[in-house]
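Asks: Following this message is one structure expressed as structure tokens.
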Amino acid sequence: MPDQIPVRDTIFALSSGSLPSGIAVIRISGADTRAVLERMAGGLSEARFAKLTSIYSAEREVLDRALCLFFPAPASFTGEDCAELHLHGGRAVVAAVLNELAAFPGLRMAEAGEFTKRAFLNGKMNLTEAEALSDLIAAETEAQRRFALVNSSDMRKRLYDGWRRRLIHARAMIEAELDFADESDVPGSAGATVWEDIRRLRQEIVEHASSYRKAEIIRDGFQIVILGAPNAGKSSLLNALARRDVAIVTEEPGTTRDILEVSLDIDGTKVVLADTAGIREAAGRVEALGIERSLRRANEADLVLLLEDVTNPSTPEVPQGKPVITIGNKADLITDTPAASYNCLISAKTGLGLDRLMELISQASAGYSNFAGEILPFRERHVALLGQAADALEAGIDGENIGLELRAECLRLSSLALGRISGEIDVEDLLDAIFSTFCIGK
């Protein structure tokens, strides 16, 4: 991307949290920032130093006493002249200042993610760094925080840049063979020196792309489904683990028909727990649809909690190949050891055995938090572009009969796909979709 792209509008937005609050931060960015400060804040403050000042309306009415910071271009978040107004966080105060800014000629309210979009367009960050910033803001667990910070570092850029340099070197070797095939000091065959490295590179890209599921679990959560017969106590277990009433609990079989979800933070890892419809021969079409959804969700889960009522055992089938924790519920109602073998005996009603169950869940999900320090593709678009890069390399490797010119073109297409991941190559059509996921003011 170019070092700096001129943008005509000056934008502003509330960048801090919901109101009322102790402090509210309004961010301004664009060419008119200096004019705004001169009129509304009594002049420019020293760059990057906080200045206590009155904030004025156009009629010179004092709207608030605030801290003002000025960040001149290009040494700012967006690469443009920027300012921050740290106001008292009352709704009326913030509304008055925002209304005054909206009336200022040349200013408009920022769109979602527009400050970060300008930072990208002005070369202050690449596209994966912007996506990582969005993840950092949304992080709910320690693993998500660590993963977002790793993705916002330059380690990913170094990895992809290294791959692109290898492709550039390979293309240079091929071009040399094409242009100087008759010269004695040029290697006799590009295939002997180039294509073996290209095979290794393709394998590295494929293995990297295949690690996306690890990133997906860190970002979106380790997916757990509670599966069992009607009245096994699935909804009661969901409520007990969530420590709040999420699901309706009744003695009537088939109460749960839609899938209910709750997110938990277990030892720094996000875990998404889903309560599903009881598995049985359905009494009606609506319940049958719920059971169908339950089985489909179990097939997509990372872990199945197979729950059984020890006083009335009935075990549904579990999708093959899925990790399963077998749980005997209502253990408070029996005195003898149940005939069936369970990984854990609990009572969702009294809390008996829940600590042991949480230990088992933690053991099943713990390994994924260790991946938070790795460089992994963390968006579906990354995986798609990595796939395009690998496919182009495969076409070049297998294209011994198509000529070196076309094989070199395959390497160029692979390099372009890698460049699109970080936004170095033609990604204008993606920008609105990516930055619209940010909050206003970021």
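Every residue, even glycine, has its Cβ placed from backbone N, Cα and C.
In case it's useful when we look at the structure, here is the feature table from Swiss-Prot:
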BINDING   Arg27, Glu84, Lys124, Lys442  (6S)-5-formyl-5,6,7,8-tetrahydrofolate binding site
BINDING   231-236, 250-256, 275-278, 329-332  GTP binding site
BINDING   Ser235, Thr256  Mg(2+) binding site
DOMAIN    221-366  domain 'TrmE-type G'
Asks: Taking Cα atoms as reference points, which of the binding-site residues Glu84, Lys124, Lys330 is nearest to Ser235 (Mg(2+) binding site)?
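Replies: Closest candidate to Ser235 (Mg(2+) binding site), judged by Cα separation, is Lys330.
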Asks: In three-state terms from DSSP, label Ser235 (Mg(2+) binding site) for me.
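Replies: The three-state answer is helix.
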Asks: Tell me the Cβ neighbour count for Asn231 (GTP binding site), meaning other Cβ atoms within 10 Å of its Cβ, over all protein chains shown.
Replies: 22
Asks: May I ask which of the binding-site residues Arg27, Glu84, Lys124 is closest to Lys234 (GTP binding site) if we compare their C-alpha atoms?
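Replies: Sorting the binding-site residues by distance from Lys234 (GTP binding site), the top entry is Arg27.
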Asks: Just give the helix, strand and coil counts over the domain 'TrmE-type G' (221-366), going by DSSP.
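Replies: Across the domain 'TrmE-type G' (221-366), the residues distribute as 41 helix, 36 strand, 69 coil.
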Asks: On a C-alpha basis, identify the one among Asn231, Ala277, Lys330 that is nearest to Arg27 ((6S)-5-formyl-5,6,7,8-tetrahydrofolate binding site); the candidates are the binding-site residues.
Replies: Ala277
Asks: Can you count the other CB atoms that lie within 10 A of the CB of Ala277 (GTP binding site)?
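Replies: Around Ala277 (GTP binding site), other Cβ atoms within 10 Å: 27.
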Asks: Cβ-Cβ under 8 Å from Lys124 ((6S)-5-formyl-5,6,7,8-tetrahydrofolate binding site), same chain, 6 or more residues apart: which ones?
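Replies: The list for Lys124 ((6S)-5-formyl-5,6,7,8-tetrahydrofolate binding site) reads Phe77, Thr78, Gly79, given in order along the sequence.
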Asks: Which of the binding-site residues Asn231, Ala277, Lys330 has its Cα nearest to the Cα of Glu84 ((6S)-5-formyl-5,6,7,8-tetrahydrofolate binding site)?
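Replies: Looking at Cα distances from Glu84 ((6S)-5-formyl-5,6,7,8-tetrahydrofolate binding site), the smallest one goes to Ala277.
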Asks: Tell me, by DSSP, whether Lys124 ((6S)-5-formyl-5,6,7,8-tetrahydrofolate binding site) is helix, strand or coil?
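Replies: SS state of Lys124 ((6S)-5-formyl-5,6,7,8-tetrahydrofolate binding site) = coil.
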Asks: Using a 10 Å radius around its CB, how many other CB atoms surround Ser235 (Mg(2+) binding site)?
Replies: 23
Asks: Using CB atoms and a 10 A radius, I'd like the single residue among the binding-site residues Arg27, Glu84, Lys234, Lys330 with the highest neighbour count.
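Replies: Neighbour-count leader: Lys234.
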